[in-house]
Structures are given as structure tokens and as C-alpha cells.
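All remarks here apply to the structure that follows.
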């Protein structure tokens, strides 16, 4: 493969030393790394750098023999350059240390320091981290064994604590703490023990090494080397700081002082103070800080004092947050340690500019680090330190600069924490300076003037500016200003004011504040911001705390005490001492402000908003002072009444919130009045106010404690005006759902000790009537829950002490009762609220607060009837209604002490609640008849009891079912007995005192009406189960049926005497044989305890008992019908010939026939038959033969050729069951039938179809419809048998039978059955009540219609004048639009069966017209597809709206309207028939059909609609095959018959079909579309459809069994190619057809290989075939066939057409037949017609003579 020359293989684990010459040279260097300080001279010089000096320890070449080879390998890998190798070696070393004992590890300990010193400063941070992990483990394991090597490790170990990579530093710190964790002094002891090594290590790094010397022998980039050097410098400086911190308390530091003396004397050490890397700079100043802190080391740094002072003050304005704290620490220590600290400095040039810049720039956003140092710094500034600068000039400049930091707007703004710390420092310094001046008793006048100037310039001036500013500093500045003023005030009170300085300052402050506030607020228009800031200032002054809360500074108040700087602590707030000025100056200021605001509020009466904003401020101000004197001062009159009137006068012009504030003020003033005047003012003034909002506020106050306890207030609340107010509020709550108003209404119902409430009964009635309004409104919202909960909460109150009128209480009860019945928890109604409402009226009944008389009971029953008769009810609603009705029955009667009267009242109540016109006996019977007919039509049961009418609409069934479910559920809840709790030994299961017996309220006695109601509901339940099995119901209706059925099953499983009574009544009713449903109800007995215990065997045991009892009693009909219902649940062979029923001879034929039918179903459904089963077959055939013989003598026995409606019901059922038995035997055992039986079947069928023909008009007659279905099904069974027999060899008997059928019976029977079906479904008006039965009748017949022989039908209609072909087509087209799916599918099937006959006629007509030049103009008017034209036009109008909303844009897909499934399926079924007609037609006729479609542009809407109907997910992902293409696969006929077939799936199937069978039609449409639509269709077809069609077509070509003479075809599926070879004699022609990726949308590629006749001929053939495959709706094989036929004709000598130059025409597939009389050349008719049209001449294309 090339590359480098293969070298000798590497030894495993690199066990051998490196052979590299460069590596050997480096490893061979013998210069040691750690020279120590032994070579250091007294002068402090170091060993000069010499060649070969390396910063890293030299790794050993050889190892001690005691070290294992594996360990040696690991150690060698530690010295490699590759970081990955070192990391793996460290991991291996870590594992080795974990697994080895201490004795083994002692061998490597002498080597470890050398490796550690090298690896701890490795450029790769993960290597450093892993190194520290190894050291941690090694120290933990070896402990004292490491002592000899400690001095070598500690300097680097401590330096690693400050590694810039946090994980490595953390591990090093943790390992050091863990190792020396014995006591608190261990770290100091270690530092002192290794002091020489630590200082030498740090000094060497700081003064000797460079980036180059630290990286000798390492292949590092300059950047990596520099980073390593910086890490070492930082760690060394921090190491020294740590060392000084640990050894600060040590007395003997001579060696340390010597080492530090050497270090600070070296000029390179001082260079780090100006290093560009902030971390190095910060570490250096930190180191200096620790030196200055140490008293012992102060002498070491003193010689460099000048240099150090200049450095520190040079960087006093450093902006770096890491560096600045250390610099300022050094500055403060310099000021503390050296009295002459200022001597080296030029204050004007060095200090002042930098300090000013720092202050003005907001401390360079580093305030938190610098500001705490300002006060200590300022305290050390004296007049002497300022040299020639006046100290007060310095102070003024200092505060002016700092004032900018306080008031200046910074961009971006300062952080909140920075603002706080700057303000703290500002006011600390101000207070300090003021206190200094105050403490100076010998002060001069200029000092006082300076203090006044500070107050003006640095406090009052910023306040004046901030009042009008939007600065973020407003609040914090006002707080500090207030604290400063409060401090002065307290100092005055404590008599610490020397020379009245503080008093003068305070006086000046208040004068200026009064000026500022009054001047600013006296303007006509006052800014909202200004108003807010004034209020904020006043609030801060009111709450001013004299103690300056600062965690860093403590101010002493005595003149002789010192200012200290303390460590930061958490501030603890003390009890606030109110400043004396609050009740003096501040109070006057507040009074002034309130009066100003009141005046402005009155002036702004025209503007409610303007007045309201002043009221907010007034309310805030009045909260500060609320004594009588304060309020009297607010008006010129100076009394409280004037103040009240002034505030009340504002109420009419304010907002709601402002009014609330005014009312609060008013009710603060009112208690200051005398009692009589107070209530008089409320009643005569306040209660007369017209504003609704104000009235609400007043009522809220009056209804609240303590006013509500006043007798005068109670009297006010009873007044008519107050009553109207409360009623209005109740009405408003219903509308706006206001919580405040609702709370006010709740207050009205506060009960006193006597049970009375605050309002009278009339007011209560009005509230209740208003609040119950939402409970009866159809529109549901939050008001329902609010009002319902409110009424439920106050109901106990209003029912006691006659707090409301009786008729209102009853009205409210009815509303609550109806609400509980009607509603379930919803979005607008919580479960808790519904529970409150329900328990409310229940408690009212139980406590006798509400009594149910006859009128009330009638009203309650009316409510139940109204709700039960409403729209479709949900299952949970019905259950809730039943629960409420049951509770109503119990609660309304539980207080009747006389048991007899109580039971009598329960019966009356139940009768009233359950009686309904929705569920009468006649309706239940009609429902039974309806469902019995449905089930009998299905064939699962015999309608053995006569009935004349089965009409019942679904709209009538649903109310009946709902009411039955409601009634049964109600009774169920009243009579169901829960099993007693089981005794267990578990103490947790013991019954407690609060145990509630669930059977306490269960009815123990039942009257006859209750039992009759139960039985009737059970009948409805059994009938409904039949309805569910036979019908397709909505999910809600299905759920209703299942709930009723489950309730009945649960009831029948209850162990109570009532169940025993019901069981006995059910058996009695069944024995009477008066109803089919009575027989069905016997199946409910299997849920009784005696059968239910056997679970799956319950049905078998029940059948055995029924068989014995019913046959013994002679109830044979009952037994047979019950057997039919139980049959699906019985095991195989549960019925045999030895069963009791088989020993009877019933007079009715149907009983015996039904028993044999059941025998066959029960014995022959298994996989294995026994020998005894043949006896059943023989017995059944014998029974059939006997009935046939009886028919011979009794002609009217089996109703041959009669009108069924006129026959007795019982006799018709006999015939129906006999026909069903014939059908079943014919399906199962046709070869057991004798010639007599076959004659009976054929003759009987031919006669019965005549009876059907005569009776079809009376299909609504139950027995007639049953007879029709039986005859049709017998025909289907016979045709299935005959068709299967024709496919195989058969006996002579059967051959003769089939031949006789075909010749004598088939035509007539087929035609009669078709005409009967035609009459049954053509323009029939069906009674709405019979619609379901009619649909069931068609469901049974339509599958039979598919078995008709449509050749008879087509021939009949072709020659008949009553039902012509036009009638037939229109009939089938209309059925495509039928609402019944089976009818539509039957129509599709019929059209498919008729299509070959229509096509055959069109072929004949086409051939006749092909001779004429006018063929194209005549044929299109008469072909088969022309019959579709009217219906295509109708459907186009229906689908247009769907096409308009979809223009192949992805953005449209989420907004598409759902497609009407019925219309869409009908339309697609119509096109399915059209596609089938084109597919069944030959190429020539197919061209005519498709031209007709194209001329009328029908395919455009159809194909567009197909895409509109496809799944949205596929349309969204049309550009990539995200989903499976299974949805586009062809549907079988059985799949298409599925009534639940999705429309999207059928649309995809049709798209594939039309592409497969009419590709040219789709291709032509696609080519004409717009580019967006074209790309969309192309992508979808390529991704989902093309692969399916290509694989099918190629597979079809490969699987062709017939072989063409002279042509051989080969398929290459992988490349989508078809290779065709035509060979005759020596000539050979080749053709390669390649399918496009988007085939059949894209044209195929035709390549001609060897051709007879040269290149021109080859090109001609290719073009002809390409044109055919592109423009004709044929398959690839059709094109190959045409190509082969053309060649055949050529070789046969047939002359080609001189227009298209082919022998066979591409569309008509005809030979050239039209001959020119002049030149004798032959032409195709369509070619010649096209020539005439395009040339506008009627001349021969060759000789130009008139044709």
C-alpha cells in the first residue's frame, strides 16, 4: 500500500529504551535539575545557567532489581512525551498502588519525587490532575514511609494547591489536608520543617527560571511553554503567601527572613508587579500584602519602601477585580505601618488624578472590592500627608468626584450591588467628616461653612436633582440621606452636638426640603415621577433609622473613641428609634403635602385619572399620621367634619381604587368623632352617595367587624335602600363574577349568637333568586361554579330561623336538584362544587328544612322527565342522575318515623320519579319486535312468535334506552345489597366507630310496581343487547347499552330475595312462549350465584337445566329460541341426537328444523369429526326428505309461487327455517344429498324465487323479509357449490344436476332475483322506522347479488323495454351514491361484471367505424364511458371546493377541511369503474376511451382530488420516503368491501391503479401542470409509487407463460431494464427499454441494438416504440407485442402506412386498409384523417391527387 518502510516491530509496552539519537542525547545529559542553594554565595548569587541545564528532574536509566518489570515499564512510560501515554501510565500506576502492599511500594518511593516534580507542572492539565490523584493514593497508603522524601515533595505539592486547573488544585489541597489532619498546627509544622526547600523552590522559580529554562528537553510550542511558566510563577507567589500565612505566629524566623531578603532584593521579583497577566499581578500584590502584615518580615521590605509605595499608589486605579483588592490592601497597610507613607509620592501628580479618575468612573465597576477601603484610606489622610494641598480642598474634590459616581448615569448601568456599596461608602465618608468637624471643639468658622457646603453640594443638591430624575439611585440615596439626618437628630437629643453644628445642619436641611417640595408641587401640572419621588423621600424620612447599617464600619459616638475597621458580619437590626423630627418638621411637611394634593385632586375633578393619582399619594401620607390634630390641620376650618366633607366630596370623581383609599381615610377619621355623630354621618351622608362602587365599599365596611356588631349598623342594613344595594350587588356578581362583591355577599350571612343574620328575609330572597340564575342557563361559564358554591354554603343559614321565605327555599331546592341531575364535573364545574351543591339539598331534606309534599314531588318528577327526554345523555350523567334520584328517595323519607308510612311514601316517590311516557309497554314491545327481526334477518335466531310490525326509528329507541337505564340504575342503587365485610385477623381491617354500613339505606321490602319496573327494564336490556349485536351504533349509544347490560348482570349476581323473585318471574314469562325476548332473558340466569360460580361453564350448566325443565313442561319453542341465544357460548357437541328435544315431535316444522340447524352448528365447527356425527347428517337429510315428500302431497306446505304476505305467520316461519336448513346442509354436506334432495332444492328455488317476485313489494312485512333473505341465501349457496364443482371433476349425478340447472333454471332464477333486487332498491320510499331493518335486509342480499350471472342480465336489458341498458346503468350509478356501503359495493361489482359486455359491443362498433374517415367524430357519442358523463359532471361540482383549497403548497396542509367521506367514496367508486373499463378494453378501444376523458378534461379534477385525499403525513413528506409505501399497494376486493376502509387508503390505491392502467392519461396531465405542482407530484410518485409499479410490471413480464414466436424477452430488475430480441432466420434485432426513476410519469428510454435496415430503420423503430409507451395507455409488454407484430407483418409482406410508417396503427391496432385510387398506396384511416385535418386538403399524401 506504500507509505513508510516497515521497521522492526515495537516491543510490547515499550519495554526497551528508545533508540532515537535525539532522545538518547537528551536523556544522556548529566546536569542535575535541582541545584539547591548550597552553591549560593554570601552575595546571594545563583549558579549561572549552563548548557544542559534542565528544569525537570533527570529520569533514571536503570532501576532497582527489587522493582518488578511491569512497574519499570510503567515508570518508563511516565517519562514519554506523549500526553496520552503518560495518562495511561498514571492510570496503570494508580491501579498498581491500589493492588500492592506497602512493602512493594517502598521500592518505588525513592523514584517518585523525581517523576512527581516533572509531572506536576506538565502542560497537559489531565496529566497534572492524574498526578495529584496518584500522589493522594500513595500518601494515603504509605503514610510514614513517605517521611524521608517529604522535603522533596512539599514545595511542589503546596504549589500544586494553586494550580490554575481547578480539579488538580482541589485534589492537591485535599490530599495535603488528609495527610496532615492530625491537629490544627500540623500544616504550620510541615511548613517550618520544609521552610528552606519551600523558599529555595519559590525563589528559583521567581528569580532564575524563564519559560525557556522550564521547558528544556521538552518539545513544547512557545505558547505552551509560556503558559507553563505563568502557572509556575502564580503557584510560587501563592505558595509564599500561604507559607507566610501559616508561619506568621512563629517566633524563630531567621531563615525565613534571610530567604525573603534574598527574594525581595532581586529586581526580577519586582517585575511581576507590572506583569501583563492579571493573575500574576494579583498574586504578587497578595504576597506583598502578607509581607506587610507580618511584623517580623516588615524589616525585610522596609529598604524597598519607596519602590513599593510608588508601585502601590501607581496602580491604585487598577480596574481588574482580581488585582484591585490586593493593591488597596497594600495601600492601607503602607498607611498603617509607615507614618511617612506619603513622602515618596507627589500627591498632586500621582495620587489625585488617579483617585479622581477612579471615583468619577464608578470605581471601574469594581466598587465592591474598593469602596470598603475608602473610609480607612480617608482617615489616614492628614494635612501633612497632602504636602502643599489644603485638606478641605482635597475633601471637596474627593466628595465632588464621588458625587458623580452616585448620580452619574453609566452605560451599561452599574449593578445593584455596586450601587449599594458606593452609596454606603459615600455616606460613611460624609458622616465621618461631619463627625470629625463636630468633635473638634476648637474648630474655626470655615470648618462649619465647609460642613454647610458639604450638605448643600453633596446631599441637598443631589436630592433636588434626583426628585426630577429617573435615575436608579433615587431610593437608595433618599434612604441614606434620611439615615444621615436621623443620626444628626439623635446626636442632638443625646447632647453630643458641639456648638449646635448638627442643629444648624438640620435646620438648613428642612428649610431646603420644604422649598424643594412646595416649589415643585405648586406647578399646574405635576409630573407623575416627581410626585412619586417626593413621596418616596417623605417615606424614607418617616422610617429613617439613625443607626447607619453597615457590615464593615462601626461609628462611635463619643469624641474620644476611635474608628475601627471590623470584619464583615451579618447585620442585626435593632429596634428602631424614632427620630424627633418626625412629629415636628416631617409632620408639618406631610400636612403641607396632603393639602397640596387635595387641592390638586379637587382641581382635577374633570379628569378622574388625574385626581386618582393624587389620592394614592394622600393615602400613603395619611398612613404616617392618623391623630385628630393631623386631620384637623388638613382644612382651614380646623375640624374633623370639614376634613370628612373634603374627602367625601372627592368620591364622585375618582376611580375604584382611589375611592377605596378615600373610604379608608374616611373610616379612619370617623372613630375620632363622637358615637352619635359618627353613625348619623354614615346614615345621612355616606349611605346617600349614588356611586355603586362607593356603596359597595361602604357596605363592606358596615358588614365587617366591629361595625357589624353595632345596633345602629344593623338597623341601617335592614333599610330598603340597603336592601336594594345588596340585591344590585347580587345581580352584578352573576354577570361579572367579581370576588370582592362575592365576599361582600358572604358577609351578609354572618350569623350572630342567636342564629340571626345581618340582613332581612326580603333581601335574602332577592340574593337567592339572583344567584340561582346561572344554574338554569344553558350557557356554562365560571359563574355556574361561583353561584352554585355560594348557594350551597349559605343554604343551612337561610333555612334556619326563617331567614328566607318558604316559596324561595323550595324554588332554590328545585334548582339545585335539577342542577345535580343535569351536570357532571366539567371544565366550568369542579367536582368539589358539584358535591357541595348535591349534599346541600340532601342535607336540607334530611334536616326537614325542605319538606317534599305532593306538589314538590310532582315538580321533581317533572324535572327528571324533562332531563330524561332531552338530547342524548352521557353514561356518567345518567349514573349521576340515578345516584341523585336514589338519594332523593332516601333523604326525603328518612325522617318518617312510622315504618309503614315511610315505605308507602317511598313507593309513591318511586312511582312518581320512574313513571314516564318514554317507556310504555307498547314501546318496549315494538322495540322487541324491531330487534327480533334484525336478529332473525341475520339468521342467528328464529322469530318464532308472530308479530306484524317492526317499525321503530333510532330516535325513538334512544330515549327509551336512556330512561330504562336511568330507572334501573335508580332501583339498583336502592335495592343492591353489598356483601358483609369479611372477618380477618388483621387489626387494620377491624371496624371502627365511624364505620358506615353500606346496606343501611337498602330497601328491604318491594311492592309489585317496583318488581314490574325491574322486569321491564331487564327486557329492555336484553333487547338492547340484541340491537347492539346487529347494528353499528355510535360509541355513546354503545356505552349506554353496555352499562345497562352490566347493571343487569350485576343485579342478577346479587344475593337477595328480590333477585330470586325476578328470576322466577323471568322463567314464568319464558314458559308462556309469548315473546322471543323472554327466551333471550333466560341467558341472564347464568349470572346468578348458582351458575356464576362456575364461570366459563355457567352457560353449559344453564343449558342443561333449561333443556330438562322446558322440554318437560312442553315449552319446546322457548327451549329452541333460548338454545339459539346460548349456542355461541356452548362448547362443541353440547347438543347431540340423544338430547331431550330430539325425542319430541313438535307440530311446527320450524322447531325441528331449527334444532337440526343448531345441531349442525354445534357439532361441525371443530377440526375433527367423529363417526357418530354421520348419524346427525343422516337424520337431517332424512328430515329434509320427509318434508319434501310432504310437499308433494301438501302443495301449499312450502309456499311455492305464492304471495307470502297472505300466508299464516307460523307456516311461513316453517318454510324459512326449512330453507335455512337446506342452505346449511348445502354448504356443509352437499355430497350427502340424494337426487330427491337436489330436485327439491332446484325446483323449490325456482318456485320460491317466484314467491319472492310476487312478495317483494311487501318487504316491510316481517315474515316476507325473512322469506326473501332465506331464498337469496339458498341461491348463493347453490351457485357457490356449482361454481366450485365446475372447477373439478364431479360425479355423474352432479354433472347432470348442474347441466339441468344451467339449461332449465339458471337464466330464469338469475333474472327473477335481479329484477326483485331492482324493485327492492330502485326509487323505494322506506318508512323511517323500518330503515334499520331495510338496511339489514340489504346487508344479507347484496353479497348474493355478486353471484348473479350478468350475461343473463345484460342480454335481458338489451332486449327489454322496461329495464333497458340505460335504466340499468342509471340504476347502478345511483346506487354508487347510496348511504349503505354494501349497496355501493354491490353496484361497483355489478358494473365490473357488466363492463366486458359493454366493451364487447363497443369493439364491434369501433371496428365498423374504423373504415370511415368520420370515425373519430361518431364513436365518441355512443361508447360505454359516455354513460358516465352526467354523473361525472355532478360529482365535479361536489369536489371543487376541496380542489380550490389545495394548490400543492405545504403551508395549506394544516388548514384543510375534512373531506365528506360519502361524497368522496361515491366519486372514487365511479372512477374505479371507469379505470376498470379502460383496463378491460383492448388497446384500440382504450385509446377512444382515454381520448374522450382527455377531451372533456375529466381526469384533471380526478387526479387533483386523489392528491387532496391522500394522507397529510405523506403529502408533508413527499420529498423523502419517510413513511412506508404500503398505503399505495393494491387493494383486494375483500379489502375494498371493508366499511371502515379509510378514504386516504382508497385514494392511494386508485392513484396506483390509474398509474398502472392509464399511465399516458396521468403523464399527459402531469406534463401540463405548473412547475410547483409538477415537482410535488414527481417527488411523491418517485418516492412512494414508482418502485411498486416497476417491480410489478417487470415481474409480470418475467412471469409471462405464453411465448411469442420469434421474440425472446429478458428482464433485469435491478437496473429496471427489459431486453427484447427478435430473430427470424439469420436476421436478429435487439431492443433495450429502460424505465425512468419516476416511471410511469417519466418516459421510458428505448435503445435499439442490431436492426434490420440500418440506422434509419433503427431510429424509426425506437421513436415509434417510445411514442407508443409515452402516449398510449399500455404496458411495456403491450409495446413489445406491437413491435413484434409490426415486424411480423413486415416480413409477411404487408405494406406499411405511408403517414406513420408502421404496419399496425398504434391506437386502433389495424392494418392500412384505405387505398389511393391513383398511386395505390395504403393508409390507416386515423392517419389519413389527421393528414387531411393538418394540411387542410383532401389529397393523397404521396401523389397529391384528390383522395
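Cβ coordinates are placed from backbone N, Cα and C, and glycine is handled just like the others.
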Candidate annotated in Swiss-Prot as phosphoserine, out of 18, 566, 1412: 566
Per Swiss-Prot record, range annotated region 'Disordered' [choices 1-24, 25-48]: 1-24
For the repeat 'HEAT 12' (1129-1166), distant same-chain residues with Cβ under 8 A (at least six beyond the ends): 942, 944, 1083, 1099-1100, 1103, 1107-1108, 1111-1112, 1116-1117, 1119-1120, 1123, 1172-1173, 1175-1176, 1179-1180, 1183, 1187, 1210, 1213-1218, 1220-1221, 1224-1225, 1228
Intrachain residues whose Cβ lies under 8 Å of the repeat 'HEAT 10' (1005-1042), provided they are six or more past its termini: 872-875, 878, 903, 907, 910-911, 914, 919, 921, 924, 927-928, 930-932, 934-935, 938, 957-958, 960-962, 964-965, 967-968, 971, 975, 1048, 1051, 1058, 1061-1062, 1065-1066, 1069, 1077-1078, 1080-1081, 1083-1084, 1332, 1336, 1539
Within-chain partners of the repeat 'HEAT 15' (1330-1363) [C-beta distance under 8 Å, separation at least 6 from its ends]: 930, 933-934, 937-939, 950-951, 953-954, 1030-1031, 1259-1260, 1265, 1268-1269, 1272-1273, 1275-1276, 1279-1280, 1306-1307, 1310-1311, 1313-1315, 1317-1318, 1320-1321, 1380, 1382-1383, 1385-1386, 1389-1390, 1393-1394, 1397-1398
Confidence summary for the repeat 'HEAT 1' (65-102), mean pLDDT rounded: 86
Residue distribution over DSSP helix, strand and coil in the repeat 'HEAT 12' (1129-1166): 20 helix, 0 strand, 18 coil
Cβ contacts under 8 Å made by the repeat 'HEAT 16' (1364-1400) with residues that lie 6+ beyond its boundaries: 1318, 1321-1322, 1335, 1338-1339, 1342-1343, 1345-1346, 1348, 1350-1351, 1353-1354, 1357-1358, 1424, 1427-1428, 1431, 1462, 1465-1466, 1469-1470, 1472-1473, 1476-1477, 1480-1481, 1485, 1533, 1536-1537, 1539
Residues from the same chain, set at least six apart from the ends of the repeat 'HEAT 5' (508-547), whose C-beta lies under 8 A from its own: 452, 455-456, 459-460, 463-464, 466-468, 470, 474-475, 478-479, 481-483, 485-487, 489-490, 574, 576-577, 579, 581-582, 585-586, 589-590, 592-593, 596-597, 600, 613-614, 617, 620-621, 624
For the repeat 'HEAT 11' (1053-1090), the number of residues DSSP places in helix, strand and coil: 29 helix, 0 strand, 9 coil
